[in-house]
Amino acid sequence: MVPVVALVGRPNVGKSTLFNRLTRTRDALVADFPGLTRDRKYGRAEIEGREFICIDTGGIDGTEDGVETRMAEQSLLAIEEADVVLFMVDARAGLMPADEAIAKHLRSREKPTFLVANKTDGLDPDQAVVDFYSLGLGEIYPIAASHGRGVLSLLEHVLLPWMEDLAPQEEVDEDAEYWAQFEAEENGEEEEEDDFDPQSLPIKLAIVGRPNVGKSTLTNRILGEERVVVYDMPGTTRDSIYIPMERDGREYVLIDTAGVRKRGKITDAVEKFSVIKTLQAIEDANVVMLVIDAREGISDQDLSLLGFILNSGRSLVIVVNKWDGLSQEVKEQVKETLDFRLGFIDFARVHFISALHGSGVGNLFESVREAYDSSTRRVGTSMLTRIMTMAVEDHQPPLVRGRRVKLKYAHAGGYNPPIVVIHGNQVKDLPDSYKRYLMNYFRKSLDVMGTPIRIQFKEGENPYANKRNTLTPTQMRKRKRLMKHIKKSK
């Protein structure tokens, strides 16, 4: 197995900054704001070809109440998961009682622990770390994570020797293969189309919705563990949490996102960052679960978020949560509202669930797989052209300036979402109603469910446009004789 490194410490000591530095990403939110990271966050890192998984955690300060108590629990769980712990302290703030409490807990776990003193930029490192020797964790490694100073030394003198002590693995590591695939997809390194197998890649599933609709509760229900912080307060999740998982022999990357509110209500800068992360997660996902609160109904913000999902071309599963406890009359009213406000989304499955009690959750993944398979299915040019021809035979394109629009052939233009490119004459003059007819015809013929279909039209070019035919000498002589004959006849 790939070794796991956990970053733990008080709030705002720079754990997320070091996480971003180690994973060479900006996946963890970073701001000068205590308690910003609330959930365990995983990332892939590498030292001289040796891979490891890095876990970013929320801070522990010993005064937790409410949601902060759950944050501390997440950090303690990360310690249990890890093979080695990087215990981070703030060199500028000095030794704090919470540092001593964390050190005591780490000593009791008997796990390899390295003490890292962050924020030493502008300080004398030797002088700044003196007080931390009283924690009894051995040598201290001074760094400035925001500038990268000391991080390379930390990798070379701490993590690399520790990893080299691990027994070498002769077999190919499944986790290493997974993260290699994950990184290749993130960097856009796609295989040749003929060799592409969508079933070989994990399905990225983003769970999105307004604040406090039950996204993290649903995530924990799916995973069967308290993996992300759940608290009855809007805005508990601030970052997008990427969680690898497997279900029924299929690999997934579950993305729990922050809730998205109306722009006018977002005043906290950290929340603005969280919304950006949510929108990026939608762009990054293969399938999006839009969670709606059955007790509050469909808001304009739900429709706005739905519009972003559709514009991104992502596959969609609509989840109506908190269905338990509603009277039959209220349920019928909710369904009528759904039909009225979401009637234009006729391709997405709608599930009525209770994430808290688990009812209906088991059926979600059937729709997720259906949507993913539909969005990545390869269809040949002959099949698409045949469907287009049948659509034209059933309903001819309209006349434009007395001439019939002619559709010649169709081919695939992309996947996730499926794109059909149709070539023809005067296609730019096709009315929107006929374009919708073609889109629905392709959807029904290809049995596409859970994903939007996009149709692009390309005008057929006249190969003789702007070209003049050059006459041969024989043709020139014939032309002269013809012109003489015409003049004589006049």
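A Cβ is built for glycine as well, from the same backbone N, Cα and C atoms used for every other residue.
Taken from Swiss-Prot, the feature domain 'EngA-type G 1' covers 3-166.
Here the Cβ of T57 (GTP 1 binding site) has 28 other Cβ atoms within 10 Å, regardless of which shown protein chain they belong to. Marked as GTP 1 binding site by Swiss-Prot on the basis of sequence analysis: 9-16, 56-60, 118-121.
Mean pLDDT across the domain 'EngA-type G 2' (203-376) comes to 78 in this model. Annotation comment: Swiss-Prot describes 203-376 as domain 'EngA-type G 2'.
The GTP 2 binding site annotation in Swiss-Prot covers 209-216, 256-260, 321-324 and rests on sequence analysis. Over all protein chains present, the Cβ of G209 (GTP 2 binding site) has 25 other Cβ atoms lying within 10 Å.
Residues or ranges marked as domain 'KH-like' by Swiss-Prot on the basis of sequence analysis: 377-461.
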Residues of the domain 'KH-like' (377-461) by DSSP state, where helix covers H, G and I: 32 helix, 26 strand, 27 coil
Other CB atoms, at most 10 A from the CB of K215 (GTP 2 binding site): 30
Spatial neighbour of T120 (GTP 1 binding site) that is closest, considering only the binding-site residues G209, K215, T257, W323 and their CA atoms: T257
Whole-number Å value for how far W323 (GTP 2 binding site) lies from T57 (GTP 1 binding site) (Cα to Cα): 33
Between G9 (GTP 1 binding site) and N212 (GTP 2 binding site): CA-CA distance (Å): 28
